[in-house]
Amino acid sequence: MKKILAICGIELSLIFKKPQNYLIMFAAPLLLTFVFGSMLSGNDDKVRLAIVDQDDTILSQHYIRQLKAHDDMYVFENMSESKASEKLKQKKIAGIIVISRSFQTQLEKGKHPELIFRHGPELSEAPMVKQYAESALATLNIQVTAAKTASQTAGENWKAAYKTVFAKKHEDIVPAVTRQTLSDKKEGAEASDTASRAAGFSILFVMLTMMGAAGTILEARKNGVWSRLLTASVSRAEIGAGYVLSFFVIGWIQFGILLLSTHWLFGINWGNPAAVIVLVSLFLLTVVGIGLMIAANVRTPEQQLAFGNLFVIATCMVSGMYWPIDIEPKFMQSIAEFLPQKWAMSGLTEIIANGARVTDILGICGILLAFAAITFAAGLKALRA
């Protein structure tokens, strides 16, 4: 054990003796948290959109409520088409979503109604707005199909089944009573934009740091450090354990300091400490495993850093570390289901927003444990080869 701790201590000293590492480990994530958190926070920074409901039916009204239910980035306002067009000309709104007169009829026939989205050329967020609107429409389409199936089984009109099952969810009084009766948690709450970006950028930069740290295995092999350790009666298992422990400790030091810093600087409450410790520990084990896998398949520390950074940055984008995952296309959200960052982010959101404890995130912890087991096994096997 002393030999393992000695190797771990050496690796820690190598990481923290370089001043530039402090910038990438602490300064960069805190700065980006401040910038992105400020950009995404507050109504004044949200995209203001008008909704023109030409159909004025149960489903069109329910669709509007769905759009307004998740307004982290957008502010929706119902108005007439003439008023909306005038406001768009005056640039008082960024765009107009028009719900056509055949909206409910098309949904009843199992078809996908066409959404009309008008906006000015200066709206850079137009693709994201359209994707958000289409995503909400796809959800509504699924709900209508489910209500029609249920109505056939129960022998009642599909509208009655739909009102009973889905429309009631959006009545103000029902969620309030349910939450107070069943639990003292804020069911369905979402973390603030600053808290979400703090979690996302902490995950991103911890992964970047650990990818670079994993490259020290290659450097140690190249410089003959492993050979000298083996001749000094240190086993391969002890060497490997020392490096793995150092990566894990480095990750926790960085994550821990970021947690405390964001709490002091931005007032973020990270929730239940035990849940955070368990979740972050499992995620760090997964990242160590990924680092070992990449290190085993490249030849130089430079290649490790290049491939590692490319993997981390790309997968963090898909997993919603930079922005809310809800605004991404469906196929990207499906890909994110197979990435550990997405599950770590989901767990942290549950802890921060809903006050989740360890028992509440056992499913997420189980998924991260599976990720860790697979990546560790693959990485260690490749290193031995």
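Even glycines carry a Cβ here, placed using N, Cα and C.
Residues annotated as transmembrane segment in Swiss-Prot: 22-42, 198-218, 239-259, 274-294, 305-325, 360-380. As annotated by Swiss-Prot, domain 'ABC transmembrane type-2' applies to 163-382, with the evidence given as sequence analysis.
Just going by CB pairs under 8 A, the stretch in 274-294, 305-325, 360-380 that sits most against the transmembrane segment (239-259) is 274-294.
Per-stretch counts of Cβ pairs under 8 Å to the transmembrane segment (198-218) identify 305-325 as the leading one among 274-294, 305-325, 360-380.
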